[in-house]
Amino acid sequence: APAAGAGPADRPRRALATPATRRLARELGVDINQVPGTGPAGRVTSDDVRAFAARRTAPAPA
Amino acid sequence: MGSIKTGTDVVVIGAGPGGYVAAQRASQLGLDVTLIEREELGGTCLNHGCIPSKALISVGDLLYKVNNAAERGLVVKGSVEVDFAKTQEWKETKVIKRLTSGVASLMKAGQVEVVKGTARFTDPHSLEVELNDGGTAAYTFKHAIIATGSTAVNPSFFPLDGENVVDARGALAFREIPPRFVVVGGGYIGVELGIAYAKLGSKVTIVEATGQLLPGTDPDLVNVLMRRLRRLGVTVMLNARASGGLQNGKVKVQDGEGKVHEIEADKVLVSVGRVPYTEGLHLDKAGVRVDEKGFIPVDEQMRTNVPHIYAIGDVCSPVMLAHKASAQGRVAAEAIAGRPSAADWQTVPAVIFTDPEIAYVGLTEAQAREKGYDPVVSRYNFAAVGRALTMGESDGMVKLVGDRQSGLLLGAQMVGPEVSELIGEIALAIEMGAQMEDVALTPHYHPTLSEGILEAALSWMHSIEKAGRK
Amino acid sequence: MGSIKTGTDVVVIGAGPGGYVAAQRASQLGLDVTLIEREELGGTCLNHGCIPSKALISVGDLLYKVNNAAERGLVVKGSVEVDFAKTQEWKETKVIKRLTSGVASLMKAGQVEVVKGTARFTDPHSLEVELNDGGTAAYTFKHAIIATGSTAVNPSFFPLDGENVVDARGALAFREIPPRFVVVGGGYIGVELGIAYAKLGSKVTIVEATGQLLPGTDPDLVNVLMRRLRRLGVTVMLNARASGGLQNGKVKVQDGEGKVHEIEADKVLVSVGRVPYTEGLHLDKAGVRVDEKGFIPVDEQMRTNVPHIYAIGDVCSPVMLAHKASAQGRVAAEAIAGRPSAADWQTVPAVIFTDPEIAYVGLTEAQAREKGYDPVVSRYNFAAVGRALTMGESDGMVKLVGDRQSGLLLGAQMVGPEVSELIGEIALAIEMGAQMEDVALTPHYHPTLSEGILEAALSWMHSIEKAGRK
Ligand SMILES: Cc1cc2nc3c(=O)[nH]c(=O)nc-3n(C[C@H](O)[C@H](O)[C@H](O)COP(=O)(O)OP(=O)(O)OC[C@H]3O[C@@H](n4cnc5c(N)ncnc54)[C@H](O)[C@@H]3O)c2cc1C
Ligand SMILES: Cc1cc2nc3c(=O)[nH]c(=O)nc-3n(C[C@H](O)[C@H](O)[C@H](O)COP(=O)(O)OP(=O)(O)OC[C@H]3O[C@@H](n4cnc5c(N)ncnc54)[C@H](O)[C@@H]3O)c2cc1C
């Protein structure tokens, strides 16, 4: 129990998101810190991540 | 011998909570794993750290509780004696041995090859093991995970003698309860063991160089502990320096004013820190870099500067905690298996098994302010928590830190009964990005200690409501 | 007298955990509140229920633990005796009294007018109080909150005699530990008190009419409890019916095969259920409807059929739990103050303070299937949890229920040490809509009992991964 508390990810501008959502972002190759959050207190939801990934990979309209 | 090289997907060096968990996870993911350990499976944690310390603490606790239950109508006619040989035997066979054989079964089930010996790198893709049974063996590997842990500092100002001046490992293995026990270093290891032996019957003195026990811990929490230490008869010397070892049964301690005291002692525990352990590993042969303090720097996937070599646990950062090692072990194994895992948790909870227990996670008020939040703190005392009163354990409090604007729960600092378990709820809340309201509106069973959290969250909400949030 | 009517914004009838919390919250929100209680502040819960039962349980627990710690090296030379008068005095003065005076201070701080007496409605906007000190007082109110709670069933087949055949309130107030104690009814109240007295020295028999103790509880949990009861020497008779009261120191019990046994008993606790209590309230004069079982139906804001009259706690639904009453009290107070609060929580955790403890929340596997989920269950035994071994408390397990498709954590069933506190994490997880992964990826301190939850969540993830989620 020494100097914990300050976790490795206590870094500035860390997106607010649950562990499962973070993992989803990594799975989809999305930098979660770029995803705008629509949840409470600006939380990034899994839908936000999916939408972001879809926008990114959506083929440009022909 | 030593010339036949066995190939393996993953070699894990060190079988502590970092290494054995990494080995297990890698094997679950279909990798071929070799785990090298020169002592017992389970590492420091299971054999000489977390587990044996908590075993002694819980025995001391029970003894102390029953000897202080007269008010509750439990009267000791005669006495409750400690048969310490029995305690130690129980600790070894019914606690440690069960867990380490559990680890052995896990390794077997996962078809992890366990090699007993000391590993050293020979080049970036191979290593050699000096086998405990004699001889050497050589391995080539696609990936390596370094999990060699840490070791107690042996300070020149108070050198260990392995007999009466010992590190925590030695103190956990005492054959008898030392009548007079001096602890040099008031960090969590020293304080936990100091209290355990005090409850078991030792006259204990804790010598701490700084102005506070448990440096780095919220002073509000430590104050509650200090009151209990007084009741336990533990002497605490702050701003004090012990030096020169145990001489004629005495320890020299210089206090803050420069006055020198001689404290009688049968045994001395020196616990002044732990350092990463990579001795004899020949990291240079693998090309793995260490920093100026000896830690192996890693990225979010636990990769060292050599991309196919990972490091986890105590060896890679000064947050030396078993669960951090295990979580990192899972990340490293998954990364090797090609998964997008990362050590990106927000918080690592801290617990100290003192009496009362201390636990904290996330940000303190000061840390929150530094990070640009507008922190509001609420507290709730266990003296007003029904369950605490029914247990006869009403010292302590819950402090919750929340951000005024967003309502986010940023951190908790607690001291009191079972806060080691209560912290789990808050750690999850923080990882989930919970707002204070989420905690305040979640039903908490009555009567439980976790109502302390509920009440602190409710009072946080109500204070914001009074002050006006927007 | 009785003709001068005092007007008030909110009148609360009954000062249990429903009523006093509602009164406090209403006053915080700026309302003028009158609280009417004919007995002590704190209601059943603080005076004759949750709190005193847990006080006796914890004393019995400590005694049992120390008498069974020889393996851990604690040897009782002589004996640990129970001075039960002392225990009761402690329970009354240091536990109950402290909490009830805490409630009194809260009421004072909130300027709640506390009236000691029995209330009855005279019309939809006024009531009369038969004062404990004599005389009556009359009140008109804008809003009323009915929080009159529940009362123990006094069954005709085994009538209470208030002396040797008692309800829980009576059993909590025994002046001596009954040498032979029979419990009629194996619900949580009976089993908790049965175990408490067994540990304190009674020879205990529990008679339950159905085929399982704690009807409605996951049998996996009850099985663990049954083993412990055997070790405690508690006799459990299932499918058995006691009747006819205590005759010549004997209780007649007919077993499942129709055979009649005579069980010797000094005291008998009859705990066969509780019913809503509205006697003498004259609900009809206020126009408040009750259902066929006597409960007052309410909407999500705790409104009865009369929109300005609310009902909370035991009187309004068969889930008779103190924290539910308190949470509903907050909702009612906030609704009266015009806030959009609602009793819309997903889960109310259940805890049973047996040995080992039982706790559950959310859905069981069967319930999840019924609701159309595809449930996957994982379990983890406390025998593999380091902290449990260090406490010498390794019986029990954690069961987690999750939905295969969505990964949602749906419920948990636990039996083991301190699960009363562990359930807080899961209750929050469910309220937050957490996935199993969220729990599995949140660092849990080592060594803690909550690692049982972590390991169950991890093994859930890994089993899904093997089976393939999509
Ligand atoms: C008294 C005490 C109490 C503690 N209490 C707690 C607590 O309550 N909670 C908590 O989280 N942490 C606690 N810790 C810290 C915890 O023990 C460590 O954080 C944890 O053990 C680190 O795990 P690890 O896997 O990184 O290394 P270790 O557990 O140190 O394991 C490293 C292993 O590597 C082996 N090894 C090293 N070099 C080689 C080599 N070249 N070849 C083969 N094998 C090698 C060692 O023999 C050792 O078994 C405590 C520590 C102490 C000393
Ligand atoms: C032995 C036992 C153990 C229990 N353990 C637990 C537990 O561990 N956890 C848990 O959640 N629940 C437990 N319960 C249940 C818990 O006590 C109730 O759910 C809770 O007390 C309900 O609160 P309430 O405010 O609805 O009513 P009560 O607490 O019953 O309060 C109602 C109050 O109204 C007063 N009253 C009634 N009519 C009038 C009137 N006309 N005028 C004035 N005053 C009136 C009564 O005197 C009483 O004080 C236990 C119960 C028992 C009996």
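Glycine is treated like the rest: Cβ placed from N, Cα and C.
B:Gly273 is the only one of B:Gly134, B:Gly135, B:Gly273 that TrEMBL places in the NAD(+) site (with B:Gly185, B:Gly186, B:Gly187, B:Tyr188, B:Ile189, B:Gly190, B:Val191, B:Glu192, B:Glu208).
Ligand 1 lies within reach of B:Ile189, B:Asp314 from the recorded positions B:Gly187, B:Ile189, B:Asp314, B:His446, judged by a C-beta closer than 6 angstroms to any of its atoms. If you compare every pair of Cα atoms in B:Lys54, B:Thr148, B:Gly149, B:Ser150, B:Asp314, B:Met320, B:Leu321, B:Ala322, B:His323, the residues listed for FAD, the longest distance is 23 angstrom. Comparing the recorded positions B:Cys45, B:Ile189, B:Val191, B:Leu321 by how many other C-beta atoms lie within 10 angstroms of each C-beta, the top residue is B:Val191. Listed in sequence order, the residues of the same chain lying 6 or more apart from B:Gly149 (FAD binding site) and placing their CB within less than 8 Å of its CB are B:Gly14, B:Gly16, B:Gly18, B:Gly43, B:Thr44, B:Pro276, B:Tyr277, B:Gly313, B:Asp314, B:Val315, B:Ala325.
For the binding-site residues B:Glu208, B:Asp314, the greatest number of Cβ atoms within 10 Å around a candidate Cβ is found at B:Asp314. Among the recorded positions B:Cys45, B:Ile189, B:Asp314, B:His323, B:His446, the residues whose Cβ lies under 6 Å from any atom of ligand 2 are, in sequence order, B:His446.
The shortest Cα-Cα distance between B:Gly185 (NAD(+) binding site) and any of the recorded positions B:Cys50, B:His323, B:His446 is the one to B:Cys50. A distance below 8 A between C-beta atoms marks none of the recorded positions from B:Lys54, B:Glu208, B:His446 as lying next to chain A.
A C-beta separation below 8 Å, combined with a sequence spacing of at least six in one chain, links B:Cys50 (disulfide bond) to B:Ala322.
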